[in-house]
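Engineer: Pasting a structure here, questions to come.
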Amino acid sequence: MKGMILFISCILLIGIVVECKEGYLMDHEGCKLSCFIRPSGYCGRECAIKKGSSGYCAWPACYCYGLPNWVKVWERATNRCGKK
């Protein structure tokens, strides 16, 4: 029983320590990466290129899970899309 509690505690701790980022990928202009007219699987491939665990087309932009912290994702607060 103590072993099971220790195992579960370790799993929870690992989940807290190894945090991964998720969000919308950005293009070179700071806009969400569009998938509106892209083929099936496009977003999954783009997320994999950025070392993400998975991704999908959250119409009309690519959304990724499990991204490393160095990948920039679109955020409403820092949105620079279409601004100069």
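A Cβ is built for glycine as well, from the same backbone N, Cα and C atoms used for every other residue.
Quick paste of what Swiss-Prot says about this protein:
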type     : residues : note
DISULFID : C31-C81  : disulfide bond
DISULFID : C35-C57  : disulfide bond
DISULFID : C43-C62  : disulfide bond
DISULFID : C47-C64  : disulfide bond
DOMAIN   : 21-82    : domain 'LCN-type CS-alpha/beta'
MOD_RES  : C81      : cysteine amide
SIGNAL   : 1-20     : signal peptide
Engineer: As a quick check of your reading of DSSP, tell me how many residues in the domain 'LCN-type CS-alpha/beta' (21-82) are helical, how many are strand and how many are coil.
Structural biologist: 11 helix, 21 strand, 30 coil
Engineer: In whole Å, how far is C62 (disulfide bond) from C31 (disulfide bond) when you measure between their Cα atoms?
Structural biologist: 11
Engineer: Does C47 (disulfide bond) have same-chain partners at least 6 apart in sequence with Cβ under 8 Å from its own Cβ, and which are they?
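Structural biologist: Once residues fewer than 6 apart are set aside, C47 (disulfide bond) is near L25, S53, S54, G55, C62, C64, Y65, L67.
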Engineer: How big is the Cα-to-Cα gap, in Å, between C81 (disulfide bond) and C57 (disulfide bond)?
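Structural biologist: Between the Cα atoms of C81 (disulfide bond) and C57 (disulfide bond), the distance comes to 19 Å.
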Engineer: Roughly how many angstrom lie between the C-alpha atoms of C43 (disulfide bond) and C57 (disulfide bond)?
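Structural biologist: Their Cα atoms are separated by 6 Å.
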Engineer: I need the most crowded of these disulfide-bonded residues: C31, C64. Count other C-beta atoms within 10 angstroms of each C-beta and give me the top one.
Structural biologist: C64
